[in-house]
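**Q** If you scroll down you'll find the structure; I have some questions about it.
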């Protein structure tokens, strides 16, 4: 028996998304980490979405959204904007579904992510220097070509797709006490929160953002949507200064807490994952583990079972070298 909330996404939407995704994506592993368990004085399990197709969780929401389009909408083609992971998720989903896709990426997007997006099938348009520039170009393409826009996070189908991670967690570790989730625009934590809380509302869902960019945390703690960004962050995949309207509504209702981590804590988390768990992750993917190592979650995690979401692993090797100190930054 599931609990139903009056929110834009329900548990039934996530179950439908799981059915659409069956055979199309991986059910990612979630092993117990001895290192993190010993450090945190609890049982810590790592959910490896960095091992997902395209290297991040984003394909879940992208595929669910695209497969939900009508035949007429699919024939129009789609357009998305992203600096990396959403772009790759949309591009591969288009290839699997036979949809013509176009992705607008900022000129400064990592070359490896641009190349991967092209390889998966979509036409890449490099435009502008930031999200505002790319979204303006997307609006132009929608108007000129009639394509369907695929949002990166603030969409019910996208949120439901990301929520399938929550279902997998409950299948593999039904007695989990806490789920720790990175936050950018909020699609991932919103979907996971709906899935988890609909099955067992006593499980804590806790978000993590960078001190440098934390629009969702600022909104969550102030009680209204607001913007926060001081400078860039190693967690560039979560460099979103303002949360979505839908994601904020869900987070405000269902998420238990949001904590902030420093750039040094993110860096140390990435290094720990490489050295101790042999896992390469991007900065955004290391946010949840950064919070675990920081001590800021000790009140929740000690002597309890906790899942930490490793949301993505798309990072250039040169960046890994800089972070681990093999070459100068």
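Even glycines carry a Cβ here, placed using N, Cα and C.
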**Q** Among 19, 88, 275, find me the residue Swiss-Prot lists at the same AMP site as 53, 54, 119, 120, 314.
**A** 88
**Q** Whole-number answer please: how many Å between the C-alpha atoms of residue 58 (N6-(pyridoxal phosphate)lysine) and residue 88 (AMP binding site)?
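**A** About 8 Å separate the Cα atoms of these two residues.
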**Q** Could you work out which of the binding-site residues (54, 88, 314) has its C-beta surrounded by the smallest number of other C-beta atoms within 10 A?
**A** 314
**Q** Which whole number of Å gives the largest C-alpha distance between any two of 53, 54, 88, 119, 120, 314, the residues noted as binding AMP?
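**A** 15 Å is the greatest Cα spacing among the residues binding AMP.
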**Q** Just name the winner among 53, 58 (the recorded positions) by count of other CB atoms within 10 A of its CB.
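**A** When each Cβ's neighbours within 10 Å are tallied, 58 leads.
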**Q** Setting 53, 54, 88, 119, 120, 314 aside, what same-chain residues sit with their Cβ within 8 Å of the center of the Cβ atoms that define the AMP site, listed in sequence order?
**A** 55, 59, 89, 91, 92, 116, 117
